Structure formats: C-alpha cells, structure tokens
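Copied over from Swiss-Prot, here are the features:
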ACT_SITE  CYS76  active site, proton donor
ACT_SITE  CYS226  active site, proton acceptor
BINDING   ASN14, ASN67, GLY77, ASN78, ASN166, ASN199, GLU217, ARG218, GLY227, THR228  substrate binding site
Amino acid sequence: MSQFSFTKMHGLGNSYIYVNMFEEHIPEEELALVAEKVSNRNTGIGADGMILICPSEVAPVKMRMFNNDGSEGKSCGNGLRCVAKYAYEHKLVEETIFTIETLAGIVTAEVTVENDIVTLVKIDMGAPRLTRAELPMLGEGETPFIREDFLFHNQRYAFTAVSMGNPHAVIFVDDVEKAPLTTLGPVLENHEMFPERVNVEFIEILNETEMNFRVWERGSGVTQACGTGACASVVAAILNGKMERGKEITVHLAGGDLMITWTEEGTVMMKGPAEVICHGVYEYKIEA
C-alpha cells in the first residue's frame, strides 16, 4: 500500500487534489492511474483532477495537471491560482510576485496577502494562440478560426477556437442555461478536427463588460469553473467584436466570478480567488 499527503483546494468550485512533490513521491508510471483513482467521487477523495506542485529548474515551482480521466493537461487557470496560494503560504516562495512553470510555458503570479493568507491571485496567462497549429487543430492557415459553423442535431453552432496553453472552442448563445452543454460538449471535445481534444465553452454576453459562462472540460466533463476557458472566452468575444480589448471583463462562472483582461500589450490577465478545502493522507494500491 502506498500513500501521500495532499491538500484539496478549489478555484470557484473547480477542485483538484494538490500534492507537494517537494516532499512527496509518486512514481511517474503511476501518475495517470493515481490521478484517476484519487479524483473518483465514489471511491477516492473526489475532484476534477490532481495537480502536482513540483521543483523546477526555470521557476520557483512547476505545476503538472492531470484530469480526472488520468490525461495530463498543459495548463489550468484555476489550478495556477491555487498553486500560487499554496506556494506562498507553504513558503516555497518568499516574494508576492513569482513565476510558475507549466507544460504550456512560464506564467507570472501575483498574490494579495492579508495576515499571511493569500486572499486573491492574479495570473499573467500570456498571449492567446490563435492559429490551427498552435491550438492544435487540423487544417492549414495562419488566420484566427473565428465563428466557424458546426452542425449538430440539424442546428448550426458557430465556434471560435482559442488556445491559452490548452485548446478551447467558444460558442456564443442567447442563454447558457439552455445550451447543449452535456450533448454538444462531448461531441465537439472528441471531434477529429482536434487531435488533442478540446474544451468547450458556451457564452452569453450580458453587456460590454460581463458574460455568463458554462464549460465542458476536456477529460473532466462539466465543471464549476475553468480559468483558461474564461480567458479564451474573453479573447473570443473581442475577436468577434462583442467586447473591447483592454477592458476588465467579469466572467460569471457557475462557481463564481473571474476578472479577465486582454491587454493592449497582448497578454491575458486573470484575477480571482483560491481556497483550501481540506488536508489529508491518501492511501492507494496499484493492482499488478
């Protein structure tokens, strides 16, 4: 029987099991299965996935994120905020502004601290990636993939493709509560045009600075929030002429609000909370 200590945290209800790999060890070949086991809401701790907080050669810490199906993702906005909170509160970093390595690149985090507790985290998510090769998405062309039709159950849905280190297909609808989240979501996620699958967002524009948001996450299904998805959705709204670049946009997710800005300089800034749920020790056994 193997075991490791963990902290369960969430960003707007998007929960992960966080493991401090400065102190714990899980064999590389077991990571995918352990992520699937610990995330199981019936037989494990229950979460949207598992995130490892690891040593890095290029930043104070490195984040590795696994979905609840065991697949590894390249980035996670809500996860980054929680990693930033954990790193500061557990003294893995000393400054309030520091970098985090991800498989999608290095991002900068800034934490707001009150009485040694991180109350708010701002992440510089970098510039959006808009070409097919960067998403990745099948086909050729260097122009952004904006408002292209997709036929589903005899109804056309137009989506815009944006990568924030992981791929997103953003669809604008009149009412997110009536969007085909659990039907169109998995179909588009697994469509052959996306060789690494895709996250699917449904967006309802409320006004110039607010939107409602629902998400079907690649490898996890319906979740309460998706930070990179919120960033991608704001970028898509601006590309479609629905919002203005440089303005702070409030994204209303099922789990709460994020503030997103696509700056004139090109990077996307995400601001929001991160919360600790509990600490514990998880025991598991890998069947031979």
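Keep in mind that glycine also has a Cβ here, set from the backbone N, Cα and C atoms.
This view paints the features noted in Swiss-Prot onto the structure.
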{"residue": "ASN14", "record": "substrate binding site", "Cβ neighbours (10 Å)": "29"}
{"residue": "CYS76", "record": "active site, proton donor", "Cβ neighbours (10 Å)": "31"}
{"residue": "GLY77", "record": "substrate binding site", "Cβ neighbours (10 Å)": "30"}
{"residue": "ASN166", "record": "substrate binding site", "Cβ neighbours (10 Å)": "27"}
{"residue": "GLU217", "record": "substrate binding site", "Cβ neighbours (10 Å)": "28"}
{"residue": "CYS226", "record": "active site, proton acceptor", "Cβ neighbours (10 Å)": "36"}
{"residue": "GLY227", "record": "substrate binding site", "Cβ neighbours (10 Å)": "28"}
| query | Can you tell me how far the Cα of ASN166 (substrate binding site) sits from the Cα of the residue listed as 'active site, proton donor', in Å? | reply | 8
| field | Greatest inter-residue Cα distance in Å for the substrate-binding set ASN14, ASN67, GLY77, ASN78, ASN166, ASN199, GLU217, ARG218, GLY227, THR228 | value | 16
| query | Quick one: which residues besides ASN14, ASN67, GLY77, ASN78, ASN166, ASN199, GLU217, ARG218, GLY227, THR228 have a Cβ within 8 Å of the substrate site's Cβ centroid, in sequence order? | reply | GLY73, SER75, CYS76, GLY79, VAL215, SER220, THR223, CYS226, GLY229
| note | One should report the C-alpha separation between CYS226 (active site, proton acceptor) and GLY77 (substrate binding site), rounded to whole angstrom, as 7
| CYS76 (active site, proton donor): which of the binding-site residues ASN14, GLU217, GLY227 is the nearest Cα neighbour? | GLY227
